[in-house]
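Per TrEMBL, the features are:
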ACT_SITE  A:170  active site, proton donor
ACT_SITE  A:271  active site, nucleophile
BINDING   A:28, A:70, A:75, A:76, A:95, A:142, A:265  substrate binding site
């Protein structure tokens, strides 16, 4: 019997989106760097293959839109929890239209759609950390209080706490869930501070897995039938020290996923998919 | 205790007289006059009125007195001849209470009760009059009883908590009696109480002594299943009685999670205090209550009985349906489906139009067809589930909701932004709109207090933080602040303590309202319920009742009449109940009196506070651009840093230091210290948070003392050491009602408890309570300075303390070492204390202010200002710095909002350095025996009492030594006068000595030291 807040990490579907050529030049980025679209696409294909083929998720792949250079980062366009999907209002103006295709896809999956229509609200999905028991919403350049409030309204069952994001693009630029009650966190000072705040704000206890590199702290955790704990994490090539830490997770199926190109435009692993659980839902 | 009380009163009266405050003296006069003449009565009444009008005085008046107001007003028109009454009084005194005797008494009672009712409503003066005259007459006619009885009655009265609001006329008479007996002293609260006791001559004695009929009140209690339970309780019954009745009716054994609530005159829901009379709480004739879950068990599966879970379910269903417990569509549906399963059983496929069934029930605030369908769909999947199982499932899901068990209160942060404060099992949550913006777990909270409409929590410094911080919130009004405070106290006690703080035995040294949770804690109730040995009770599930409710008109299922049960029978148990009451309340007497003495000055103070607070707030706003930071209260309570600080100086530790002249208090401009061997205690106003004292030591020291308080109190009580102790008790009582403190301690080793006082019932004035617990535990080190109340209570029994006293005068240098020792001792002494708990900070609030608590930077910048001396951070009690830098006062900035905290680093740039000039004059009387210097002797008891008025702080240290078979009582009194202008030392000194002599004619003044400290200039760094 499905109940409230059970089955954290259970997913059946994933929504991804192609990489437009415009990504190379026009995608937003915090540092100047050249992106090789070909390599980026190759990486992305590998990523999608892991989700679909290796993990067996049903992958919905939305076509790239050249007018939306950042559209591959679907995570920012929607927050899905249970069978409710909140269509966000991305903080970057140029990305607002990314939600249209996302909304369509989510509707097709029969999710309850909640839209963020408030003109004053902004929210990027990358600022939303769902721990299984509650939400933490990073207040960043892309996400504001109002956006967080609307999220809280959409997911009334859960506590929604705000966490200031002082460095990095998103909250999840330096953290993510590594398992039920396990937060993977970067070791930078801002990351550690954010963790402290999260711990203080929470009624629940979280274990933490500290990795040397903030960017390496963005992983994808799943709990899949027949596979158990699965963790998609960056490769040793990129973050050798951090990978050593991941390798301590004995119970997890560890899947290194290369993300060398997309990271140049601030894309992390979680950014590239929206994960959905259709089965366990009530 | 009784005897003590009596003498206390007397002493106090004397003191008051000497103090010669206008109000009092007037009163005294009037009173004396009154005794002889009947007219006096009227005057007195007038006086009382005045008192009421003057807030200060009114505050001190016991509740019933206030209520008497109406009576007094009516009195002029009284039919009964005043003289008669007077006579009757006399008679009464002589005769003593006449218990039963004739049916007459009973009649009286009834009338009285009626009267009471009316009074409550404040209408019906006529009856009162009748009653009065009646009573008078009856008094005459009543057979005389022995004086003994009377005495006992008196005593009882003292101890009694009183509570006879309604017994107006008689009370008055009694008052007079009391006056007479009391030596014609001022009509202090105690006297009044006595009077009350007498009053009871007519009534209560009857009630007490024998079980007489009491007027029964019909109580209507709305139960969770939607039915009403009606029962009758004695009019004076306590909340507990009714609650037990209800639980009995419900067949509920795990009742500690529940409570009765009522709606007060401000339309606010309040919890009925089980330890107090119902009548005094509800303050109306509307005896309507609601049975509710008071503490939501975090894990309902740990409840022992299904019936308990069922009731919890009922509450939660209502919470969910009303929207109080928000949840998503899916959750609504899921919970609804379990409700359906529990109430109607398995889904019946054959049932025609099953949806009808569903839509008759209310599951959600906005229940849609879609939701009902979903509910039905889910219901199908629960097939085979028993009602108990369905309830369990319901609870398993409901308990995960983020707002489960969260009691929300509207508040504003420092910037006036609307927020919500949520009290729950884990602590205090801060919400802005739906977002959680901060959270303070119970273990993080050192102190909870309120003052007026401000609510403060003092936060334990984090691992990397050096300073505690205080966060303040503004509530709508003081009532809200108090209510929030009470809820916090109760929730903390229930969920975090192993046992509630036991009631204080001490009748003195109690300041203001000591409200504490009085029931069983969760830990206790779990133990208790594990012992429940009965077959699972059958209970009727009555969802149908709800249905009938929601549907207009068509009651599907009838409502069972719950009422009948306890209906008519006179409850014999009541008598015992009332007795208990009286005993409990006794403490209140003490409280009442002191208050009066404070009078006007206190009032002034509080106003002052307000002002200051405003200033502080403004100031803070400018200093820090902490957008989200909550209102920061300067030190916990007192908004007036300067005044308070100054006052603090008077606390023993501080004073000593000042004498050393090494430590300069910034704020102190002029300070005079007079050490006398006498005690005069002046009530101390509120909680002082600020300390000007040097960083490290004071906290420890004070703490120690406080810790010892308990012991001391007990001793005193046992030994009944006369005067001194009595006096103290009196003095310590003073409190402003508008504030209260509570120190959450997880492990309570020693406990003081609160005394339920009447003040709570008084109108808007609230009470203040303070807690001693904290102090005892050593867990809250830094608090001491901030808790004036505690300080005042401080007493010590340890030899070390004694030494300190003596040495304070002599060797000041050694002082710190001792303090250190003490600190250590304290630590070691307290078995409960773990290293972590040990006082870690020596941080005073102010220092913390300096440190600026910006959470972010603390680690990196250990050295901000003056922190050199602050060795805290880690629990290292022993390290008490001997080298303290000048104490400087800085603004206190607390960042309560995490966002702001991260963003902002604040450093105080301005460290005011104050130059002071000091001058010391010492007078020493020739001594027969070297008192302090002589042989050490054996310390019997020691206590410290602090009281304050606007610009005067009086600290009294009483030490009892046993020297060669003789017991010597040494009273050391420090008076700190602060002000901007010059003070006439001679006059002050003379006054002090005079007072001392008056108060303790049998003692001699041996030493006087005048110490003056003047602030010369202020610099900024």
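Note that Cβ sites are derived from N, Cα and C of the backbone, with glycine treated the same way.
What you see is a predicted model, and the numbers here were worked out from it, not measured in a lab.
The structure, with features from TrEMBL marked on it.
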{"residue": "A:28", "record": "substrate binding site", "contacts (Cβ under 8 Å, 6+ apart)": "A:69, A:70, A:92, A:94, A:95, A:265, A:266"}
{"residue": "A:75", "record": "substrate binding site", "contacts (Cβ under 8 Å, 6+ apart)": "A:125, A:126, A:270, A:271, A:272, A:273, A:274"}
{"residue": "A:76", "record": "substrate binding site", "contacts (Cβ under 8 Å, 6+ apart)": "A:70, A:88, A:90, A:95, A:98, A:124, A:125, A:126, A:142, A:271"}
{"residue": "A:170", "record": "active site, proton donor", "contacts (Cβ under 8 Å, 6+ apart)": "A:124, A:126, A:127, A:138, A:140, A:142, A:143, A:266"}
Chain-mates of A:28, A:70, A:75, A:76, A:95, A:142, A:265 with C-beta within 8 Å of site centroid, substrate: A:27, A:73, A:90, A:92, A:98, A:124, A:126, A:169, A:266, A:267, A:271
A:265, A:271 as recorded positions, winner by CB count within 10 A: A:271
Packing count at residue A:142 (substrate binding site) (other Cβ atoms within 10 Å of its Cβ): 24
All-chain count of other Cβ atoms within 10 Å of residue A:95 (substrate binding site): 22
All-chain count of other Cβ atoms within 10 Å of residue A:70 (substrate binding site): 27
DSSP-derived structure type at residue A:75 (substrate binding site), helix or strand or else coil: helix
Max CA-CA distance, Å, over listed substrate-binding residues A:28, A:70, A:75, A:76, A:95, A:142, A:265: 15
Coarse DSSP state, helix versus strand versus coil, of residue A:170 (active site, proton donor): coil
DSSP three-state assignment (helix, strand or coil) for residue A:70 (substrate binding site): coil
